[in-house]
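**Student:** So Swiss-Prot has the following annotated:
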SIGNAL    1-18  signal peptide
BINDING   TYR96, ASN140, ALA141, GLU142, ASN199, TYR260, TYR364  substrate binding site
CARBOHYD  ASN156  N-linked glycosylation site
ACT_SITE  GLU200  active site, proton donor
DISULFID  CYS205-CYS206  disulfide bond
DISULFID  CYS266-CYS315  disulfide bond
CARBOHYD  ASN373  N-linked glycosylation site
CARBOHYD  ASN402  N-linked glycosylation site
CARBOHYD  ASN422  N-linked glycosylation site
CARBOHYD  ASN478  N-linked glycosylation site
CARBOHYD  ASN522  N-linked glycosylation site
CARBOHYD  ASN622  N-linked glycosylation site
CARBOHYD  ASN739  N-linked glycosylation site
CARBOHYD  ASN760  N-linked glycosylation site
CARBOHYD  ASN777  N-linked glycosylation site
CARBOHYD  ASN805  N-linked glycosylation site
REGION    862-881  region 'Disordered'
CARBOHYD  ASN914  N-linked glycosylation site
Amino acid sequence: MKLSSACAIALLAAQAAGASIKHRINGFTLTEHSDPAKRELLQKYVTWDDKSLFINGERIMIFSGEFHPFRLPVKELQLDIFQKVKALGFNCVSFYVDWALVEGEPGEYRADGIFDLEPFFDAASEAGIYLLARPGPYINAESSGGGFPGWLQRVNGTLRSSDKAYLDATDNYVSHVAATIAKYQITNGGPIILYQPENEYTSGCCGVEFPDPVYMQYVEDQARNAGVVIPLINNDASASGNNAPGTGKGAVDIYGHDSYPLGFDCANPTVWPSGDLPTNFRTLHLEQSPTTPYAIVEFQGGSYDPWGGPGFAACSELLNNEFERVSYKNDFSFQIAIMNLYMIFGGTNWGNLGYPNGYTSYDYGSAVTESRNITREKYSELKLLGNFAKVSPGYLTASPGNLTTSGYADTTDLTVTPLLGNSTGSFFVVRHSDYSSEESTSYKLRLPTSASSVTIPQLGGTLTLNGRDSKIHVTDYNVSGTNIIYSTAEVFTWKKFADGKVLVLYGGAGEHHELAISTKSNVTVIEGSESGISSKQTSSSVVVGWDVSTTRRIIQVGDLKILLLDRNSAYNYWVPQLATDGTSPGFSTPEKVASSIIVKAGYLVRTAYLKGSGLYLTADFNATTSVEVIGVPSTAKNLFINGDKTSHTVDKNGIWSATVDYNAPDISLPSLKDLDWKYVDTLPEIQSSYDDSLWPAADLKQTKNTLRSLTTPTSLYSSDYGFHTGYLLYRGHFTATGNESTFAIDTQGGSAFGSSVWLNGTYLGSWTGLYANSDYNATYNLPQLQAGKTYVITVVINNMGLEENWTVGEDLMKTPRGILNFLLAGRPSSAISWKLTGNLGGEDYEDKVRGPLNEGGLYAERQGFHQPEPPSQDWKSSSPLEGLSEAGIGFYSASFDLDLPKGWDVPLFLNIGNSTTPSPYRVQVYVNGYQYAKYISNIGPQTSFPVPEGILNYRGTNWLAVTLWALDSAGGKLESLELSYTTPVLTALGEVESVDQPKYKKRKGAY
């Protein structure tokens, strides 16, 4: 929307005077920014108008995917993800930082080793990926506490508010993390271009001022004071206009919001709920933030899945390639200019970092699987759209119109949204009016072009939109000076090379397509059959029609070669930027994009670069692959693939061809059931000889938790004593009168938690857990007690993670873990004195390498036996497949060697056999000291656990530790425990170094 010069001058004058001006244009109320300091940019590298960002003065669409470094703590594999994102045609990654992992101890910021952000930033630069930094302090993210460290449960103030106690608690973290981010801003040569100071600050309740401008301004000032000068962006959880530019104190520079239109019902993956496709986002944008580019900072790229859910394979089916085609192109109809998909790669909730509603996997059904595989069709579909956006700058300057069921298509079954360009090309987004329709619809189009308004197809036949599909038809599309009057086939990419231009078009199987080109040249089929191709020459253009074929055809029109592909064939094409100075592709500037070549190469092409007379490709292969390169510079004479000189041929069209042979290596994995397993009882607390004198006493008569008042004589909330993660153990001492008959206890551990209770060594019972239960009140019968005798009640609870804190004012993150209430029949509550423990040291946690959340409070964990080389030489020989014959908790340790071949990316999985026995049990598996699996036999769903290289030593010794908690008097055992792998990938990824894996060392003060 363009304002008149007079209007613009008046607005600028008002801004200079510090006034806010509101006016109405075409029915929309516009609020212009009232804060001149906001408009005076702090840097010159990242600017914007109402259409898009500019980076270094060049207009750019930000196409981004979400990726959290803390969910993949191996730095070389972080580069792998960045390169796979770059290969999509994307230019950006958004990331969270999990405060709970770097300030587990109040006042001690530890961001080294696997928590160091700088290697992540360096990898982004190497891959040529910009970054959107989202450090919180609140992140949500299906993480424990929403990223809040557990000690915030003791803060005497409302979280995410302007209460001083909360703001003071955030200062240390934000000052450190924002300073690191500032160091890597684009202004300092780094990859970070945007900063988000809060997260989904959208909902408030309970008498708290919301939205609170004082609070938002504070968190923005925290970033600015730490040196952040790049633009600030927000992500309103819905398009509500919170903190948009012009709203006063606390306003951000660029307004953004989130959208998850299909929801999270992975149990019904074929159901697209009626009316859930957004249609009003453009209207809302013009009302809320018309002077900034339209931004969706989180758009649905997958779904979470709860304990007992259908599994992430179902989520990837729900949010599949069809969803992408319909929903993402719908976003394009709103002229989205900053688009981030949540998630592009989910990763793993290792080491207790997840929230209570989710399990170990955070695969999210995203385009890149948890094991970093890219064989989901949705990855390939994204690549088509990402590369189209990369070469279609006219999209950003077009003017979006209203969707309509008339005027463009000849059927009301279809809806068309135009984006009309002024000499920069126009774009028409076509979908079914019922977005969930699975019908195939035949149609013709009437589109305005520079030549005339034309009905398409002109050469006969009809177009087809298949069910759950959408297309972007283009008119007056500029291919380096050649005008494509229209194309019904979709554009994958185009390039101008020294010897001519190349345009790559694709369509769905069985479709008919047509394009018209402004030219006086004839059409020549230079590759493939002429069958199914027709053309017609006019005085100023040529029209070409064709039926989509699985066999590639290439036509020549003047100096333009056009590749006609079917969609599945297009999936095999890549468009790497060609580096001429070094090996890094660089960021996606117009110059770098123009330098790209086109490669047909199957699984993955990472990079391309020139060195001397050599063209070097780095690529991955999962099958014998024919490689073709289009647009090879004339200076290149030799082809190198993954460093090896590769013989090639050159055809009449200048296409280089070579073959990469794939010979799968022999992969030999150890039989885990046959390892030399050692066993130690990890619940010695129920033995009569156990001494808990070193345990912390649960003797606080008041809690610092402001959410829930005490219902016990002393606090039994674990966070009051510094325990925020993993298993909790309580020991309650009392002297019997002989009249006690029952013991009732209300425990709380979060969704799907479990608990078990013993009286001395006598098992009383368990709560085995349900997804729907975050707490449970149980009553257990007691045996006849002897008057005057001392007894100990031992309670085991697993903390499934802390609640998130989405709605400001509810303070749900403070929901306590532990014992909420108890009743020993016939006795006052004060008759029992309690002790408790969690991880050794609590907030002063022992293992600074693996972080504050990785280990819980089981005896073996407190001792550090889960780390490599525990002192197991005198332990009993027993396997988790033998298990326990009664209720209790066992600990098992064993080692094995791997010798996997170099140069191969081999995804490995720990598989726990799905239980066929009725006895419920819970399992943790530690790999070289890192907890990488949590399994609940009676809830599920996860039974297969990816463990990345770097956590596993692929060429060396590895240590497994298993905790087995039997919650039934019959005991429990693993049905099976196996290592498996999926298709090895011949990879260009470099050597993967193992993360630091400290060995067992006797812990001072361990009890």
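Note: Cβ is positioned from N, Cα and C throughout, glycine not excepted.
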**Student:** Give the three-state DSSP assignment (helix, strand or coil) for CYS315 (disulfide bond).
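**Tutor:** The residue in question, CYS315 (disulfide bond), is helix (DSSP, three-state).
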**Student:** Looking at the binding-site residues TYR96, TYR260, which one has the fewest other Cβ atoms within 10 Å of its own Cβ?
**Tutor:** TYR260
**Student:** Going by Cα-Cα distance, pick out whichever of the recorded positions ASN140, TYR364, ASN373 is nearest to ASN914 (N-linked glycosylation site).
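**Tutor:** So, of the listed recorded positions, the one sitting closest to ASN914 (N-linked glycosylation site) is TYR364.
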**Student:** Based on DSSP, tally up the residues of the region 'Disordered' (862-881) by helix, strand and coil.
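**Tutor:** Counts, helix then strand then coil: 2 helix, 2 strand, 16 coil.
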**Student:** Sorry to bug you, but what's the C-alpha spacing from ASN805 (N-linked glycosylation site) to GLU142 (substrate binding site), rounded to the closest Å?
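**Tutor:** A Cα-Cα distance of 11 Å.
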**Student:** Where does ASN199 (substrate binding site) sit in DSSP terms: helix, strand, or coil?
**Tutor:** coil
**Student:** At the Cα level, what's the spacing in Å between ASN760 (N-linked glycosylation site) and ASN739 (N-linked glycosylation site), rounded?
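**Tutor:** Between the Cα atoms of ASN760 (N-linked glycosylation site) and ASN739 (N-linked glycosylation site), the distance comes to 17 Å.
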**Student:** Run through TYR96, ASN140, CYS206, CYS266, ASN522 for me and report the recorded positions whose CA is within 10 Å of the CA of GLU200 (active site, proton donor), in sequence order.
**Tutor:** ASN140
**Student:** C-alpha of ALA141 (substrate binding site) to C-alpha of ASN805 (N-linked glycosylation site): distance in Å?
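**Tutor:** Between the Cα atoms of ALA141 (substrate binding site) and ASN805 (N-linked glycosylation site), the distance comes to 11 Å.
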**Student:** For the substrate site made of TYR96, ASN140, ALA141, GLU142, ASN199, TYR260, TYR364, how many Å separate the two farthest Cα atoms?
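**Tutor:** Taking every pair among TYR96, ASN140, ALA141, GLU142, ASN199, TYR260, TYR364, the longest Cα gap is 19 Å.
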**Student:** For ASN140 (substrate binding site), which residues of its chain lie six or more apart in sequence with Cβ-Cβ distance below 8 Å?
**Tutor:** GLY146, GLY147, ASN199, GLU200, GLU804, ASN805, TRP806
**Student:** Considering only the binding-site residues TYR96, TYR260, TYR364, which residue has the minimal Cα-Cα separation from ASN402 (N-linked glycosylation site)?
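**Tutor:** With Cα distances computed to ASN402 (N-linked glycosylation site), the winner among TYR96, TYR260, TYR364 is TYR260.
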